[in-house]
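What TrEMBL annotates here:
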{"type": "DOMAIN", "residues": "11-341", "note": "domain 'DhaK'"}
{"type": "BINDING", "residues": "G62, S63, G64, H65, D118", "note": "substrate binding site"}
{"type": "ACT_SITE", "residues": "H226", "note": "active site, tele-hemiaminal-histidine intermediate"}
{"type": "DOMAIN", "residues": "381-585", "note": "domain 'DhaL'"}
Amino acid sequence: MASQGKKLINDPNAVVTEFIEGLVETYPGLQYLDGFPEVKVVLRADYASAMLDKVAVISGGGSGHEPAHAGFVGEGMLSAAICGEVFTSPQVDAILSGIRAVTGPMGCLLIVTNYTGDRLNFGLAAELAKSEGYKVETVIVGDDCALPPLRGIVGRRGLAGTILVNKIAGAAAATGLSLDEVAAEAKRASEMVGTMGVALSVCTLPGQVTSDRLGPGKMELGLGIHGEPGAAVADLQPVEVVVSHVLHQILSPDRNYVPITPGNRVVLLVNGLGATPAMELMIVAGKAVPQLQLEHGLAVDRVYTGSFMTSLDMAGFSISIMKADEAILQRLDASTKAPHWPVGVDGNRPPAKIPVPLPLSHSGKSDDSLSRPQQLSEQGHLLEVAIKAAVNAIMDLRDNLNEWDGRVGDGDCGSTMYRGATAILEDMKKHYPLNDAAETVGEIGSSIRRVMGGTSGIIYTIFCKAACAKLKANTQSVVTSKQWAEALEASIAAVSKYGGASAGFRTLLDALIPASAVLQERLNAGDDPCIAFLLSSEAAVAGAESTRHMQAQAGRSAYISPDILATVPDPGAMAAASWYRAAALAIKNQYQVHE
């Protein structure tokens with residue numbers, strides 16, 4: 001069913017004017033021509049000096065395709081862009097004004113997308129300019145590969161490939177070539193490029209309702225950029241399947257849209273249509289490159305991915321493929337100040353992207369060098385017992401943690417902690433050097449970092465790595481109780497430093513800080529280390545329970561009302577208290593067995 005879309009616009013009839021106002025405020029190198037808003041021409045702010053000894057390059061058309069064309073105005077690309085109303089060709093007077101504004105003795109090249117309105121309006125403006133003594137040439141771009149080649153007098157539509165033609169022409173003009181030479185390069189480029197688009201939704205014209213032409217689970221193949229229906233409607237397919245169809249359509253030898261054959265070098269442009277996230281466009285690019293290389297036998301020399309020529313808020317993409325040689329690549333690589341040209345793409349692209357090797361750890365120890373000892377020392381055995389008890393306690397608490405977190409967070413605390421606990425148990429069987437306490441604690445952090453993710457994962461990794469560093473400062477083979485207490489204190493300090501939380505923030509520190517304080521206090525008083533550990537674990541449990549009465553100041557719970565928070569303790573604090581208490585009880589039971 002058609003619906004009214006939500007838009008950040010004031011007056012549907014003023015969207016182009018207000019867009020241009022924002023554009024020139026954003027980019028100091030752009031200006032609009034006097035006569036605005038009736039004359040909607042965006043030009044280089046340095047137009048007076050630029051027109052003296054260079055060919056001017058102008059493009060334009062209906063608005064709604066931003067950043068095309070105004071976003072590609074700048075030194076090394078377009079001298080000016082003529083903006084019509086949404087999906088409407090600009091008026092002849094506006095085009096003529098643009099020609100007059102930026103054209104000097106070297107003349108002007110008009111690059112026009114192949115739509116009847118654009119051809120007529122730009123054509124008449126060109127003839128009027130010539131009658132006034134200006135030198136003007138015109139290149140028509142029709143890069144559409146979706147429709148059968150023979151379309152009567154209409155021909156193929158101009159799509160995103162026009163942007164590549166604009167760049168090549170602008171770079172050629174910047175070198176000082178004559179008008180005929182610039183026009184020849186632009187015409188040659190236009191003959192080398194093919195484009196096809198795929199839409200997942202229909203665009204919404206300002207002030208109008210969104211069409212329901214495309215139903216759920218459907219996509220439109222071979223669409224234009226003005227909301228007109230495509231060549232066909234099909235079921236939505238996986239990205240690689242859609243990309244394969246588009247590439248075969250563009251490169252079809254039967255239809256001969258572009259003169260590209262196996263062994264050629266090409267440029268790939270993946271273009272978003274307005275509402276497609278960059279993530280999805282990158283996925284398209286990632287599928288297109290290997291298919292071009294392996295299935296079509298082409299060398300992909302440049303890849304440009306982003307939104308270049310859109311269709312308002314349409315979801316979908318188009319792919320443009322241009323046959324390349326050194327001359328074309330040189331023009332594409334030439335510097336430009338056009339704000340929306342992807343300046344980060346520059347230079348030769350390797351035929352295959354090989355991952356950069358991971359740098360070795362400064363510790364000098366690789367994962368393969370760490371292994372479980374054949375024989376455990378007394379300390380190693382106690383460490384194993386404590387670790388097992390701690391992770392089993394977390395695994396048993398998974399559902400409770402998820403339930404508590406479901407009320408005050410995103411509901412996955414238990415599952416996240418469970419993943420970490422499972423990894424620790426598995427890795428301990430083979431990889432933990434349990435007789436080396438410092439390295440073992442460090443490896444627990446590595447296990448957590450590999451599988452847990454999220455805030456909890458990084459916090460516990462910091463916790464373990466800080467403890468590891470503190471324990472390594474000890475040169476003795478056996479870690480004393482006092483040193484374990486100092487390691488706990490160092491871990492808490494590191495978590496507080498990087499996470500920003502402290503006591504009373506309703507986090508795991510509200511369990512660990514009182515535990516550390518009691519442990520230090522009892523050891524300094526001369527208590528038996530096992531008893532001191534046990535008493536400190538009781539403090540951890542009490543601290544975790546006390547979080548019911550705290551207002552969260554960190555994490556997602558900070559957004560929850562106090563009334564809801566009071567119904568449950570902090571899941572992170574309860575998890576910390578649980579594993580800490582379980583480890584303490586396991587050590588106590590172990591000593592009782594030996595007694």
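Glycine is treated like the rest: Cβ placed from N, Cα and C.
Curation plays no part in TrEMBL annotations; they are all automatic predictions.
By a simple count of nearby Cβ atoms, those within 10 Å, the most crowded of the recorded positions H65, H226 is H65. G64 (substrate binding site) sits 8 Å from the residue listed as 'active site, tele-hemiaminal-histidine intermediate', taking the CA atoms of both as reference points. Annotation for the binding-site residues G62, G64: lowest Cβ count within 10 Å of the residue's own Cβ, G62.
A Cα-Cα distance of 10 Å separates S63 (substrate binding site) from H226 (active site, tele-hemiaminal-histidine intermediate). Note: the substrate site is recorded as G62, S63, G64, H65, D118; in the same chain, G61, A68, C83, G84, V86, F87, T88, S89, I225, H226 also have Cβ atoms within 8 Å of that site's Cβ centroid. With a cut-off of 8 Å between CB atoms and residues at least 6 apart in sequence, the same chain places G61, G62, S89, V112, G158 near D118 (substrate binding site), listed in sequence order. If you measure from the Cα atom of H65 (substrate binding site) to that of the residue listed as 'active site, tele-hemiaminal-histidine intermediate', you get 9 Å.
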